[in-house]
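Presented below is the structure to which this report refers.
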């Protein structure tokens, strides 16, 4: 399994809200037999029946249980990007990538209608694969391992989830996934205008969302691990003392070896992590705490 920093949804309330909302919408659509109303199809839904609401409904729910499972797991891994960017920027990117991808989806359906491309699968494919592109390009590898002589890394688990999700609804998932991936490339390239890259959900709207929704579902910080004393009680390792009942003993206590001096962070590693969007002060502190290891420092910053 991929470590992914601090487990759970700590410091990633938007990711948690997205997973919960998509899962709830998908279950409700199944219970009330509304799944045929989710997918996007130009003819006849848009061109003849003018069901423009499908441009929105196609993003809010998956059509079957396997998509809910793999899509939810894939979105869970995207919480690292929210911790990196911050919740407001992450939520803005989800909205913006969904809008841009919808335009691309409709364009592909119009151009591909004569080739048999008539519909796309329901689900938040666009923002998922736009985020996946950012995950691939900006989240560093945590560890590597060998399987049957082939060197792999921890990101392989995310790639397998994305492939399984894509193949589960093939071929109807190809267009929204490809459009989402292209959207991720556009928003990270120089093609996108500065306005698009810097667009954020208006501050007033975000304050309302944060105060009346995200605050109620945010996850608390994970508990620190504790060690156990000889009698079985949990104790903090930083304040643990020998269980001597307060009596002094004449046994010599071995001297604690002096801590190794920490390696000074190199300017190259500092610039590397600053380029990922972290503040210089936090970068220097993390590199000092990890002996100038950029991968461990990134993990520390993402989990902070």
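Cβ atoms here come from the backbone N, Cα and C positions, even for glycine.
As stated in TrEMBL, the feature transmembrane segment covers range 156-172 out of the listed 156-172, 173-189, 190-206, 207-223.
For the ranges 23-41, 118-136, 137-155, the feature annotated in TrEMBL as transmembrane segment maps to 118-136.
Residue ranges 60-78, 231-249 are listed, and TrEMBL annotates 60-78 among them as transmembrane segment. Range 90-112 is the one annotated as transmembrane segment, of 90-112, 251-273 (source: TrEMBL). The transmembrane segment (156-172) makes no contact with the transmembrane segment (90-112), as judged by fewer than three Cβ pairs under 8 Å among residues 6 or more apart in sequence.
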